[in-house]
Amino acid sequence: MPWIQLRINTNSDDAETISDLLMEEGAVSITFEDGKDTPIFEPKLGETPLWQDTVVVALFEADTDLAPTIEMLKTLPFLGEHFSHKIEQIEDKDWVREWMDNYHPIQFGKRLWICPSWREVPDPSAVNVILDPGLAFGTGTHPTTALCLEWLDSLDLSNEEVIDFGCGSGILAVAALKLGAKKVTGIDIDYQAIEASKANAERNDVADQLALYLPEDQPADLKADVLVANILAGPLRELAPLIAERVKSGGKLALSGLLKEQAQEISDFYSQWFDMDEAAHKEDWSRLTGKRK
């Protein structure tokens, strides 16, 4: 069945109100899109901010008459009679198949591949991690995840113990194990992330080598040869003493989730405990690495 799509250009202040009104008018779904390619990098705790220029996209059944809805919207003082909008017919598709077709195996470094389960592994002799996109966690497509995967691929992890601080989907933890790590400990504040990491470890036959903890449950004496933390600048700074304590003398560190302009400050801060390397960059994001003093 085809659908009718209504797109309305507005701002972050009015988007929720318009969304509620369109649902009352019979919309079957509402999504918000960025109107001017303005990224939101690090929202405050508990916030789910919208872009200043927001596009409200409403989907209606094909036989819906939108004329009364448009007339109603014209009466809203914050939109006005000549508000910017677009109506178009959307063909029916197998949206699941369309979504799946967008994901392909990706190589990181020389050895490592991240492969969706429905795709054929390009190189059976490579280090292959089977991971499906899902939840709100890393799949390798984000620059910070890619930077961390490339770094792990560059290391000899044979018989090393690794900590994945902020493990999310478990992509870094599972990759480290597939690359030869003896044991990995994953830590995350979100129980859903713990479950996702567990499921992905089981899928890749490394669950028996992965220990997972919420922060309050992590062992007090936990230490590792390698620690990777792909979180954000604020938590990286706040958790720096704990992260440093978790790395053995001479151990290796990688930090990501940082914007380019945040990298130098975080590097300087961590230099209390680590000999820090030059930052690596991908798009607007950075990765810091260092060796424990």
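Any Cβ shown, glycine's included, is placed from N, Cα and C.
Per Swiss-Prot, S-adenosyl-L-methionine binding site is recorded for THR145, GLY166, ASP188, ASN230, and the stated evidence type is sequence analysis.
All features noted in Swiss-Prot, drawn onto the structure.
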residue	record	CB count, 10 Å
THR145	S-adenosyl-L-methionine binding site	25
GLY166	S-adenosyl-L-methionine binding site	24
ASP188	S-adenosyl-L-methionine binding site	25
ASN230	S-adenosyl-L-methionine binding site	26
